[in-house]
Amino acid sequence: MGRVKFGTGHYSNSDIRVSTMTSTMSKTTTRTTTITTEHSTESGMTRVKKVSQVTKITSEEEADRVQRKPSITLQSLNVVTRSFEIPAGESIPEFDEKPNSSVVQEGKDVIFKAKVSGNPKPTITWKRGSGKPIKEGAKIFFDTILKENVLKLDHVTPDDEDAYKCIASNTHADCTYTVSLMVTECQEKQLNFRTMLKKRSAPAPKEERKVPDEKEMWEILMKADKKDYEKICLQYGFTDFRGMLKRLKEMKKKVETEEVKVLKPLEDLEGKVDSTVTFDTVLELKDPNMKMQWFKDGEPLRTQFSLGKFEIKQMGTKFMLSVKNLTQKDAGQYTLVVGDKKFTVGLKVKDEPLRFGVELKPIKVVERQTGTFECRLTKKVPSVCWKFQGVEVKRDDKHDIIVSEDGLTHTLKIKDVRPSDVGEYSFSADNLTSKSQLQIARLPIQFPSALKNVHVKEKGKARLECELSSKDVRIKWLKNGKEITRSPKYNMMREGRRVELIIDDAELEDSGEYTVVAMQDNDDREYTCACTLNVQDRFATVKSGMSDAHPQTGQPAEFCVVLNDEKVDGVWLKDGKEITDTKNIQIVKQGAVHKLIINSADDESEGKYTFKAKGAESEAVLSIADPPVIDPDVLSLLAKDPITVKAGQTATIKIPFKGKPIPKVTWFKDGLEVFEDAKTEIEKSPTQTVLVLKHCVREDSGNIMLKLKSDCGSASANLQLNVIDRPKPPQGKLEFLEHTRKCITMKWKAPRDNGGKQITSFIIERKLVGKKSWIKVGEVDSDTTTFSTNKVEEGQAYQYRIRAVNSEGVSDPLDSEEVLAGDPIESPGMPSQPQVTDVTKEAITITWTPPAKDGGAPLLGYIVERRKKGSNRWIPATKEPIQDTKFTSDGLMEDVEYEFRVTAVNRAGAGEPSTASNSVVAKDPIRAPGMVKDIKVTDSTNSSISLAWDKPDSGDEPQGYILEMRAEDAKEWTKCSKIPITSTHYTVGGLQERGKYFFRIRAVNEGGVGEPTELMKGVYAMPPPAAPRFLDARMPSSMVVRAGTALCINVGFSGSPPPNVIWLKDGIPTKGRENITKGPNMSQFLISSAQRSDSGIYKIMLKNDYGEKYHDIRIRVADFPRPPTNLNLFEEVPNTVTLSWDHTPDNIEDGRVQYVIMKRDASTATWYTVTDRVFGNKYTVTGLLPGRKYFFRVIARNDIGDSDPLGLKEPWYIARDKERFSLQLKEYQEKDWSHAPEFITPLKDHTVHRGNDCTMSCAIIGNPRPHITWYKGKILISEKLKYWYTSSNGVCTLTIPSAEMKDADEYTIMAENSLGKAKCSCKLTVNEKGVTIIQNTIGESPRRSKHIM
């Protein structure tokens, strides 16, 4: 169903363009028509809105001018929507600034401009209404500065006259705005009327008619309009048009008219009740101020007291009386009195019976759209009533009741039609009633979020969910085409437009296709959405498996398996057979933990236990574990009496025990484990063990221990084994207390082992040295261990032996060494090793010390021997023994290496020679080196120190160096290397970090070791001393931090020793809210939530023993800027507005504050940014349209964001050039607007930080339009890509992006046209103050927004 509405209106004068190319009188008529069409389709509602404006301009020319053709301008808007619903944040295309129809002279240029907005961004196309292509050479482009779409036609011709369409399209709608182009002839081409008559071809033969005389012609012309004079003259054959007009004017002056002449008389009227009638007459009055009055039935009409009942109007010579809302009382005689004349007419009022002109009709409305019922009465009634289902409907948010101006048409609109609005609607007026039905075309149910295929593991939760476009629906679920209902398995949930089907503990048979079916009232269709549920086998893995169990008999046992999935069940097996719950066995499942509990373990519980689940299996063995036990009676019996056997017999020890598993049996003797061998046997069984010792010997006696051990425990048994035998020999060495020529006394010790029996006596035997037979010389009891005999011969050598006796026999003997009866003389001992004390090429001097033992007789002297090194032959150095302990051996061969030894001599002869001396070369002696020079430290680390030195000046050439060191807390010097160092530098490693060490060095050669040279002071094991320095050479000198965010300063540095870090704020050490982290090479200063009071100069000071370093950072804690104040607007240049304001208070603290200038046409609600990089407090806005009202506002912007806007409540009006309308237009004198370029706003000096953009602007006027060039110093930069420059409406701008130090210079703009040239200069200063770091950067372009920070 479609609906069309028509409406009419008038545009304001600013929307009508009047073209006056010649001196004419113009009559302008404007008609605006709005057509809105709605079409219902299955996919939704399509709305087409068409707004058209037709302006007709007709001209009345004077008699001496040529009549012009009428011009008609057309403007219309046509909107075709595509989308049923437009998402939030998006919109159809809208013409913010519409193109205007134009009437231009042939050969001139015409420009159509349109500014369009919409989301998504519309695409713009231009077309001709006739379908013809736009002329070649037409320029279609987008003005990036003014943000306008432009169609420019150069040198228009009559062929270009047409309607032109600007089409803006996006995904939601197509908006077409149509304007007209009228092309007028050039003034030079117009011909006067006489010329046109001459050039006219002969008219076609016409029917002959009587030519009226001059009087008749005058009467005809008097009754006609002036615009038809020419046509009438041609029609009646009057060619002297000018003369006719002249005579007509003269005749008009001579004719004396009456005071009141009726050109159109009043007429009787008949009207219906509640209608309006108008009496009208056309009168020609001699005196325009003549008094006139209306009467009804002889009574004067007083319109001021009629409450709008009567309305008297005059339009030129036409006089009217309107009577509104007719009633029977209004019938009668109406009289108009003008001067001395009266004109009377009658008015009849008809009262027709009330009836429906148009009754209600059934309608069908798309859901959520507006339904409209409309009916029309034949006459106006005081009260009507709308009802729905018998209940009165009143005007509210849901219903809109509209009555037309004449009170006859009644409309009911039902907004946002829903199913509850379906039913019977009725309209009642007096005793008339009209009824009709409203039906709804339900919107199809859609699934914005459809069901998705679900894959879930067995025992898992399957969730099928979707979202519907409406919540007023009925839902049912199908599985494989069959309906399912709510049950413990199926949980059906619904919340708003979302529906869910939840399947807990899904099984494999739950796989299949699931469908949600949605139905709604007043709609027979079913809307479905399906998905597939795939339940997969759930396989688990063992996260923690079983362990073997070893309980004691009667104790509980437990097996535990932990899976990675608590949804998986399993089964327990024992030796391959499934286990179920019994009195003694419990099976427990706790999530992913599965347990098998045996309350009391016994022999039947032993076996292999298995837990099986899908994808997982675990096994373990249960075995009884009783600790080994030995009968306490057996233990007491073994401890009470030892086991005694004789040597050579067999000892059998048998001990019973209990234990499971069978324990490990180990026998020990005197703490040492006993192993089986030829004489030892160990027997083992589950209940006892036997130790058999064959051929026992005395050594088998001792402590015997049995040790039983298993994983469950241990047990032991101890007993004593005593093997009796003959005793062992007496202990030790037979000692002679006296051996003189008359007596020998000896002493011994009792045997360590008496053989298990008491020693009864000792037997003493003797033999002569060299003889074999032993003779018993005595026997003593067991308590005596000494013996003395005087039966000896002086000087005779004897040998003695002792035997111990017990009840088992006699022990082996203890033999003595040879002993003399008296003192013997022996050879002397060995002298000490000879030491070389002096060496020359001919002689070597050695010394030695006497032997420790002289052999019992005085020394007779020493024998000195020598040999060449490597030779085995010793040669005596003298023939006779030497009495002294010093000897010089001469007659040596030079450069031959010798060794020496010394032998002592006494009465008994020569003793053992000494060890050989160190080898020595027979040559003149080498001097020991002198002291090492200039020892110094060349490098150091945390674990090493490198030293270097110079050779000594004195002494012979050193062959090496001995470097020694000593820690600060040590007293002894230690060598740094095992062998002498051959070079003059060395690195000592393995040192303790930051330990202090002392060093000394000595040179060494064959001549000896030189005196030590010690380093003057201790050296620390650490890198070489260095003053502190900062690692980052480009550390920031300033930072901007937003209030409430973190202030974090990271500093890296170096120095040896590591410097101490001190943080200062405004010269005072920081304290309180900051958190300072320090390391050997870094430090961090952190305030988690910065405040404005944290602004200041922060100094980082590094200091150690070798210097100090500091760096200052200016921290500014800022927030959104406060708005500027005191906004003033004034006009310096026509069609421009200059804004001035006072800086924001934050501009003093923040040199980076800039301003954003925005404007808004009073007819729209959209703000547009004029510019966003203004650093001063004054700006001129250009490109404003005359006759429009604008709002302006200024926003302060810094690195944090935008301030609140500063604006004015009243708009600024751009004055329109005054239009002059005159009947007599003078000839147009074109004014010469040409003039040389002139700067009305010069350039200003700029100062920027390095890395920031710099924008410099100026304003210039000139005609012809000046050519602009820019210079940096004397270098032309207009063609360089680095610089951006624009020129629009006389405003010239140059932008220098990311200004560097080299950009600092004088910049000059040169404007030049044919009449002259002008230039203007400014200076740019680039501040080298460090880079400003901004923490918590808010996007690319910070804005004032609650959700940003």
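Cβ from N, Cα, C; glycine included.
What TrEMBL records for 93-184, 353-439, 444-528, 632-722, 1028-1116, 1237-1325 is domain 'Ig-like'. Summarising the annotation, TrEMBL assigns domain 'Fibronectin type-III' to 730-824, 830-925, 928-1025, 1123-1217.
For the domain 'Ig-like' (93-184), the model's average pLDDT works out to 89. Counting residues of the domain 'Fibronectin type-III' (1123-1217) by DSSP class, helix then strand then coil, yields 3 helix, 45 strand, 47 coil.
Against the domain 'Fibronectin type-III' (730-824), stretch 632-722 has more CB pairs under 8 A than any other of 93-184, 632-722, 830-925, 928-1025, 1123-1217. Only sequence-distant pairs (6 or more apart) were considered; of these, at least three Cβ pairs between the domain 'Ig-like' (93-184) and the domain 'Fibronectin type-III' (1123-1217) are under 8 A, so the stretches are in contact. Taken through DSSP, the domain 'Ig-like' (93-184) splits into 3 helix, 56 strand, 33 coil.
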